[in-house]
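What Swiss-Prot says about this one:
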REGION    1-27  region 'Disordered'
COMPBIAS  7-22  compositional bias 'Basic and acidic residues'
BINDING   Asp38, His63, Glu64, Glu150  Zn(2+) binding site
BINDING   Thr40, Glu114, Glu150, Asn300  substrate binding site
REGION    91-110  region 'Disordered'
BINDING   Asn181, Gly182, Ser183, Leu184, Arg204, Arg205, Leu269, Gly270, Ile271, Thr298, Val299, Asn300  NADP(+) binding site
Amino acid sequence: MKVIGVTRDDDGPQLLERERPSPDPGEALVRTLRVGVDGTDHEVLNGSHGGFPDGADHMILGHEAVGVVEEPNGTGLEAGQVVAPTVRRKPNGETNEYFRRGEPDMAPDGEYTERGIVGDHGFMAEYFTSPADFLVPVPKSVAEYGFLVEPLSITEKANEHAYATREPFDWRPDSACVLGNGSLGLLTLWMLDQEYDRTYCVGRRDRPDPTVDIIDEIGSTYVDSRETPVDELPGAYEAMDYIYEATGFAPHAFQTVKALDQNGVGVLLGIPEPWEFEVDGGSLHNEIVLHNKCLIGTVNSHVSHFEDAVETLQELPAWLLDDLVTTVTDPEHVEAAFEDGDDQIKAVVEFDSL
């Protein structure tokens, strides 16, 4: 079968031939439909994130996938059922407390592998196998965009955890801001716009730009951070009740605290490389304590977040899905899915269709 992988000798994505996998007991065989490409895939390729499976000379890429059950293998799934796979798996097949309680997304380093990212092959192949417990049903009506379930699940978890910090009191947020106008940021912006009176999105793009067009269509305010840095949002626009960071730009973590309103919460999802810079720690501490602000980090997601994401996917407007997916390519031309450019928002590798 055809797979897209990265080898220890090559930097870019490679079209490889590998044997079709056979499912173990408790696993199903899935025929892949589409796999999305995101920033993490680029980080895996350049070696700044993730790692190869033990002893392997290559790793199959891809963690945003949708497929069709080819062989249920006695799992209780049905042949022809559309599913989206979660990402984290038990390390070396051995369970631990995080997997036993259904919270693999809360496991520390070394207590998990991640398909297509850390220590385990991904889904960018014509077929893959997975334990049935990690396959989430997706309605056929949205199968074409089922690869978005994984990124949507990341936001479902981030929002859940951020809002949980405000549950002890009567929090009445009106304004939300997304830092980053990539595909994840734009999906999140639409989600937040359904909840908040006013929404903003911070980016670094000149008009005309397709991502800014989406921001405008959603009805949000675009903020160019070259003109208005994040910590100047309160003066230029307003202090924010909720800030969702999806840039990986390290200063944004600290600028978020300044940009939050009284009782506000910020959630960090970007993964920056090491970067030393000066921070006024006293003022930062003061802002958090005296104004009841909160800053949290979150990564990955689990089955319940995938299930919530499936519901959200069914609510996304057709125009947003059409505008968001800018490249659909086959495995033979996978390089197109990894090209960076101002017109590229969300790229997809298509292996098959329903």
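Cβ atoms are placed via backbone N, Cα and C, with glycine included.
Swiss-Prot feature annotations superimposed on the structure.
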| residue | record | CB count, 10 Å |
| --- | --- | --- |
| Asp38 | Zn(2+) binding site | 19 |
| Thr40 | substrate binding site | 20 |
| Glu64 | Zn(2+) binding site | 31 |
| Glu114 | substrate binding site | 22 |
| Glu150 | Zn(2+) binding site | 27 |
| Asn181 | NADP(+) binding site | 25 |
| Ser183 | NADP(+) binding site | 25 |
| Arg204 | NADP(+) binding site | 12 |
| Leu269 | NADP(+) binding site | 21 |
| Val299 | NADP(+) binding site | 14 |
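Of all Cβ atoms in the protein chains displayed, 20 besides its own lie within 10 Å of the Cβ of Asn300 (substrate binding site). Among the binding-site residues Asp38, Thr40, His63, Glu114, Asn300, the ones whose Cα sits within 10 Å of the Cα of Ile271 (NADP(+) binding site) are Thr40. Asn300 (substrate binding site) is 9 Å away from Leu269 (NADP(+) binding site) when you measure Cα to Cα. Across the structure, Glu150 (Zn(2+) binding site) and Val299 (NADP(+) binding site) place their CA atoms 12 angstrom apart.
The Cβ centroid of Thr40, Glu114, Glu150, Asn300 marks the substrate site; residues of that chain outside this set whose Cβ lies within 8 Å of it are His63, Val87, Arg88, Arg115, Gly116, Ile117, Ile154, Val299, Ser301, given in sequence order.
Among the binding-site residues Asp38, Thr40, His63, Glu114, Asn300, the residue whose Cα lies closest in space to that of Ser183 (NADP(+) binding site) is Asp38. When Cα-Cα distances from Thr40 (substrate binding site) are compared across the binding-site residues His63, Asn181, Arg204, the shortest belongs to His63. Per the record's binding annotation for substrate, residues Thr40, Glu114, Glu150, Asn300 show a top Cα-Cα distance of 13 Å.
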